[in-house]
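Here the structure is laid out as structure tokens; the discussion comes afterwards.
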Amino acid sequence: MDERNRPIHTFQVCQVMEGHQNNWLVSEWVPRRAAQKVFVEVRFTLRDCSSIPWVGGTCKETFNLLYRESDAPLPPSTSASSSSTPATRPPAHFAKVDTIAADLFISLVDTIAADQSFTQTDLGDRVLRLNTEVRQVGPLTRKGFHLAFQDLGACIALVSVRVFYKKCPSTVRNLALFPDTVPRGDTSSSLVEVRGRCLEHAEEREEPKLYCGVDGDWLVPLGRCVCSIGYEEAHGRCLGCNPGFYKAFAGNIKCSKCPPHSSSPAPSAPVCSCDRGYYRAPSDPPTAACTRPPSAPRDLLVSINGSTLFLEWAAPADPGGRRDVTYVVHCWRCGGGAEGAGQCEPCEDDVHFLPRPLGLSSTRVAIQDVLANSNYTFQVEALNGVSAQANRRPAALNISISTAPAGASVVGLISRDWASQTSIALSWQEVEQPPSPILDYEIKYYEKEQKHLSYSYVRSHTAGVVVSGLRPSTLYVFHVRARTASGLSSFSVPAEFSTADKSPELGGPQGSVLVMVLAAVGGFSLLVILTLFLLITGRCQWWMNTKMKSKEQRRSHYQNGHVVPFARGKTYVDPDTYEDPTQAVHDFTMEIDPARIRIERVIGAGEFGEVCSGRLCSPGKQEVGVAIKTLKGGYTEGQRRDFLREAGIMGQFHHPNIIRLEGVVTKSRPVMIIVEFMQNGSLDSFLRGQEGRLTLVQLVGMLRGIASGMAYLSDMGYVHRDLAARNILVDEALVCKVSDFGLSRVLEDDPEASYTSVGEKIPIRWTAPEAIAYRKFSSASDAWSYGIVMWEVMSYGERPYWEMSNQDVILSIEEGYRLPAPVGCPLELHQLMLHCWQRDRRLRPHFCDLLSFLDKLIHNGLSESVESLDYPFFISVGDWLDSIKMSQYKNNFIAAGYTTLDSVSAMSIE
Ligand code: ACK
């Protein structure tokens, strides 16, 4: 009976009175199955020896647990003695698991009964206690094993033996199924990593994993599966969405009700299909409601102003449930007068829509260039994102209008004034009495050979135009028509003209030896006439020519590239052309007695020696402040010549914006060059110290001064070659003067002259590409440098191209990059810089043009100058686009109505 008096079967032994006991009980063969390690739970009772009267030292209080692995049951003889016939010999090859003792013995409070039986119920005051002990056996590798219990003389009853192993049971976690897993059997406690498999209608998000611990517990869940589209999670499984619901994305989200105007009759719908007459645009998400095309636009109105029509309408009453309504405008012209009436032709290609005819999001459009005396019909269609899917014409509204009759053709015969390789100048005659005032002319042209490729357009306010950006040696066809208040006239009779031939050996704009020779002869004749004239009049106001040149003269001067000024007064003489260069110093400078000079302090270091400030006294005159450039001792004759060379050049110039030479000291030591003192030093460092403190008028005034000095130099045929803010000096009244004539060379008497020299250091950031590439220095390359000086001034002495390397500067210029407008720099000044930085040097402005532009800018008042300025350098928007390497946009600009630079300057970001 157990402790609760239930009958139990036991194996028992109690040979405590006899010595040398060795009794064995061996189990049946136990198959191992998946176990690597098994647990053996033994329940038993054991009497303590002291409770048994008269027992000696032979009594034991423990027994041994043993096991033996085998792939099949052992034969009975080996396996054990039977319970009926105790074995005298212990079974072979059993390994000991442990010696087991009882935790709790039967406690005796009275004398024990004589027969020693544990099965007796009448134990009086004795309390029977069952012991439970668990031992681990393993790791096991064979197919099964026997257990054995060895008694060496104890009084013991074995009540039960339970053999088991532990496993992590199959489970579902995060919608993944994990199979039964047996923990590792070795002694290490490392976990078994198990990969889960997603349940039906679920898909893997991150690899699902669990770890099986030694005690059969699942640990550390990782990754997960989610329900596929059309399925949602319920009770740890993925179930299909009900009809009327959908789920468009895999994930742990619920099915959603179908959006408006859609349905899902079957379960597990990934998306709801649109009801009849409703659609989804390709870009609409499945969550979006189904929509339909809009109704027609409303209240279409048309008005006319000159040759421009304006259409306006109201948005459709029903946008179809969408916000992406756009409009398309179709145009038909149905002839004018009696003879053309009734015949209608599409006219989208003949007129210009502003902003465009298709994809309009606003409810208005302007239509330019409508013909006079015509009937136009316009149709405005409303579209939205699903119009393309609705297999029917968009809802539309029509309106018609007749334009007033225009006068007769107003453009006479077109003639060619001149042609260069890339430009052709045209003019034509207006008919005597145009029916209504001519607003401007539209010139259409194309390459004759490629007629069908594309047309280009330019506009002109006068009866002439220079069409530029053309290809050399190419025949072009030109048509001209006038725009009057009552519409466009028809095109003139076409005229065909060719651009000049390319002549790479000469490289001049005219490109022909003949023209060069003629130009030289003409220039010489002009010089002779001018000399005679000057002799007669005795006046030498040569520079007045520049100022008095009419705008037309300047323009033709510009159009023909950089030609030498029409009338030149004095020409610069290069000291190097003297047989003895020191003679030039005598001719152009004044020797000063060093006693008249008082050196006060050193203000800097020049190339040849120190630069000092001091005073110069002249008899009968006030003392003046001077800067004194010295030639340091130990110089060579060559250094002396180079040093004085600058004085020989400077002495030839007399202009308020050129540093004034007071004289030289050559007959005593140290050799000195004395120039006027400029209180604010060099322009670059001056600007850096003034950041943000000068007004726009002051900055532009400084630029004007530099342009004036440079105009003087270029008129004298002098090329500076090192024009940069560091070589401009500033006096106390902020007057800027060009200085540093060390690098300068003469511009020879050739109209196109600029020459190539070799092996000189070049200030890359300030120098024009052709001067860098093949030393082609000219007034046009000085104009490039002037653009850089403008940028330096407007950015308060910032380094051009910042920290870019010289090589990168060269490459980026080559690729068309140009410095952007400095902060706060007016648009027109930046445009002027861009104009100076045109790749084709012939297109760069002359200094006299720069000067007159800046004068205008100053006189028109800088603040409101944008509206009031015209752009004397750019003949057309096309020229300007050419200059900034955006020629491909010419037609877009013209089509959008940006035909003047004024209108371009007023353009908004939109
Ligand atoms: O930037 P700065 O003060 O201006 O430092 C240089 C330095 O001498 C070396 O060239 C200054 N400098 C040169 N010529 C003159 C001048 N005519 N008047 C005043 N400073 C001058 C220049």
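Using N, Cα and C of the backbone, Cβ positions are placed for all residues, glycine too.
Annotated in TrEMBL:
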DOMAIN    1-173  domain 'Eph LBD'
DISULFID  CYS14-CYS155  disulfide bond
DISULFID  CYS49-CYS59  disulfide bond
DOMAIN    293-406  domain 'Fibronectin type-III'
DOMAIN    410-502  domain 'Fibronectin type-III'
TRANSMEM  513-538  transmembrane segment
DOMAIN    597-874  domain 'Protein kinase'
ACT_SITE  ASP722  active site, proton acceptor
DOMAIN    876-910  domain 'SAM'
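Taking H, G and I as helix, E and B as strand and the rest as coil, DSSP gives the domain 'Fibronectin type-III' (293-406) the counts 0 helix, 51 strand, 63 coil. Local packing around the recorded positions CYS14, CYS155, ASP722 was summarised as the count of other Cβ atoms within 10 Å of each Cβ; on this measure the leading residue is CYS155. Look at the domain 'Fibronectin type-III' (410-502): DSSP puts its residues at 3 helix, 51 strand, 39 coil. Broken down by DSSP into helix, strand and coil, the domain 'SAM' (876-910) contains 21 helix, 0 strand, 14 coil.
ASP722 (active site, proton acceptor) sits 124 Å from CYS14 (disulfide bond), counting Cα to Cα. Under the DSSP three-state reduction, CYS155 (disulfide bond) is assigned to strand. According to DSSP, CYS14 (disulfide bond) sits within a strand segment.
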